Amino acid sequence: MGCATVSPVPACGARERGAVVLWLLLASSLFVCNSAILVDSAESHSTFTCEPIGLRMCQNLPYNITFMPNLLEHYDQQTAALAMEPFHPMVKLQCSPALRPFLCSLYAPVCAEYGRVALPCRALCTHSRRDCQKLMDMFGVSWPEEMDCNRFPDCDEPYPRAEDLLTNTNTTDHSTKAVQRDYGFWCPRELKVDPELGYSFLGVRDCSPPCPNMYFRREELTFARYFIGVVSIVCLSATLFTFLTFLIDVTRFRYPERPIIFYAVCYMMVSLVFFLGFLLEDGVACNAASPAQFKASTITQGSHNKACTLLFMTLYFFTMAGSVWWVVLTITWFLAAVPKWGSEAIEKKALLFHASAWGVPGVLTVALLAMNKIEGDNISGVCFVGLYDVHTLRWFLLAPLCMDVLLGVALLLAGIMALNRVRMEIPLEKENQDKLVKFMIRIGVFSILYLVPLLTVVGCYLYEQAYRSVWETTWVQERCREYHIPCPYQVEQASRPDLVLFLMKYLMVLVVGIPSVFWVGSKKTCFEWASFFHGRRRKDVVNESRQVLQEPDFAQCLLRDPNTPIVRKSRGTSTQGTSTHASSTHLAMLDDVRSVHSKMSSYHGSLHRSPDGRYTPTSHRGTEERPPYGSMPRLTEQLSRHSSLHQLDSQSQHGSARDLANPLPTNITHGSSMNHMEEQDGASA
């Protein structure tokens, strides 16, 4: 049989030379016996080609070339030599002739042709363990679990077999025939974690990405962290201002604009989580390193870290809820513009809106917790989803956000077109036209300020999931020799991500919440805050964005049939557009008349006639509580004005005149009696 001559020592006559070498090793010192390897190359292995055997224990065998990582997942020959050290005494004492070939078949297997892996026979394993068991017990060495004899094929042949040897007919060429193989990603020892944690990285279980980030340098991460912290403070301030403005006057923001408040609350929580991540740095997103166990700092995964789980639940839940609330906002605008629903009618569906906006994100959050898909983000310091798992990114981030964008844009465009049709086809008063145009501009600007950042975030996610595999392959190629793992096979494209991409993504995620300030920002808001700081509350005024819907011409235009003519009314129209000028005037006059009547009756009841014919206040009322004389003509004038209004209304509407005729004599009587009392008081004065 020909001998493969990759090293200076040929493999022929290995048995005779092996006996001499073993006796020499027995006489040598302990330091020489336990020397690990002889490395004839500066590299640990050459991109997964066959390499010469450097292990001293495996010299002078029928083969002298091997491959790394070996069958026991040792990344290089140095790691394999350290693992073989416990068996050195048994090999030196020659407890079994099958022990050394069996150990070398696992720690330095023969590099077979075309990448075929040759396993030792079960009989070789059984003989080695049986013959050396007593000596192993004497030295306190246990048989490793990965070397269990039942894991090997049931045969009784020497190792290596004839077909396993790689021969080279050209004896003058000392280079080996390269066997190119793609072994995929092997998890480095520094990144391995406990199996019960359930981690995975690049498809390998019990492995976790390194921390700090595998793509950026530490100074880049520091800059990114401060950048995210500043932006989160700005967003937190803006959304908190919106929420506090709502709390000052909760009746100001009604449907269809009430979802803006809940939308602001969601992104207030999102910015708060990012701010906490800025303060915590890597304390939550990363696991601590353990140099004693050769463990590097790794990314936190799963739900075993309670702080990381809490940050993930808050961030993901409110991120999804914020996008759903924007869809709800477009739905309410659509209902107000197209079917002509009023504020009260939309508010009746509030329970359904809340169930959808909080229920859907809750279901998604629970599903991710059950799937254990939480991942630490060592750039921002928070915990999120889809940072290293492309499938989770695709189905739990991209899919919901794209659906929200498509549905919201469709409803928004339908509502704006309906309002524009009202503005173009139906004549309105100049004031109502201006308010409608202003309202449409506010809707458009608010939607653009929301959609542009959200679409940018979606674009960043799409770009990230498209190039994630290229970035990971590039990282493995750059770090494979440092970690002593197989280098990638036939790398076609290599690139690293740009830090600007990630900064843009975090910026747009936070900026999405700032447009809520645009909606609440007005002079009315400034007056409310000024009144709040001075301890005063202003009278409730109809919000300008809803006032346009309450104008008589605009409300009729939304509710009318396009084929019917327009009848202009005064400003007595209600929000629903169902009341008329006569009915509103009637109700207002009745309220004023009744209030005047009650005031006059109360004052008349407080007076009594003295023996000299004068009216004086009763004994239980103080002199200071008596109404001044100046108020009496004003009350008489107000009563006479209502009397004239009643006469005008009775001429225009006969039915209403009969209803108003009954209280009129009473009011007139009180008015004459009050005039008489005023004259008597003036005479006595």
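Cβ coordinates come from backbone N, Cα and C, glycine included.
Whatever TrEMBL says is automated annotation, not expert-curated.
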Quiz item: Which cysteine out of Cys33, Cys50, Cys58, Cys187 is the one TrEMBL pairs with Cys111 in a disulfide?
Solution: Cys50
Exercise. Looking at the disulfide bonds in TrEMBL, identify which of Cys121, Cys125, Cys132 pairs up with Cys149.
Key: Cys125
Quiz item: Considering the candidates Cys33, Cys58, Cys132, Cys155, which is the cysteine that TrEMBL reports in a disulfide bond with Cys104?
Solution: Cys58
Practice problem: Rank the disulfide-bonded residues Cys58, Cys111, Cys149 by the number of other Cβ atoms within 10 Å of each Cβ, and give the residue at the low end. | Solution: Cys149
Practice problem: Could you round the CA separation between Cys111 (disulfide bond) and Cys104 (disulfide bond) to a whole angstrom and send it over? | Solution: 12
Quiz prompt | Candidate nearest Cys50 (disulfide bond) in space, where candidates are the disulfide-bonded residues Cys58, Cys125, Cys149 and distance is Cα-Cα | solution = Cys58
Quiz item: Per residue, counting other C-beta atoms within 10 angstroms of the C-beta, which of the disulfide-bonded residues Cys50, Cys104, Cys125 reaches the highest number?
Solution: Cys104
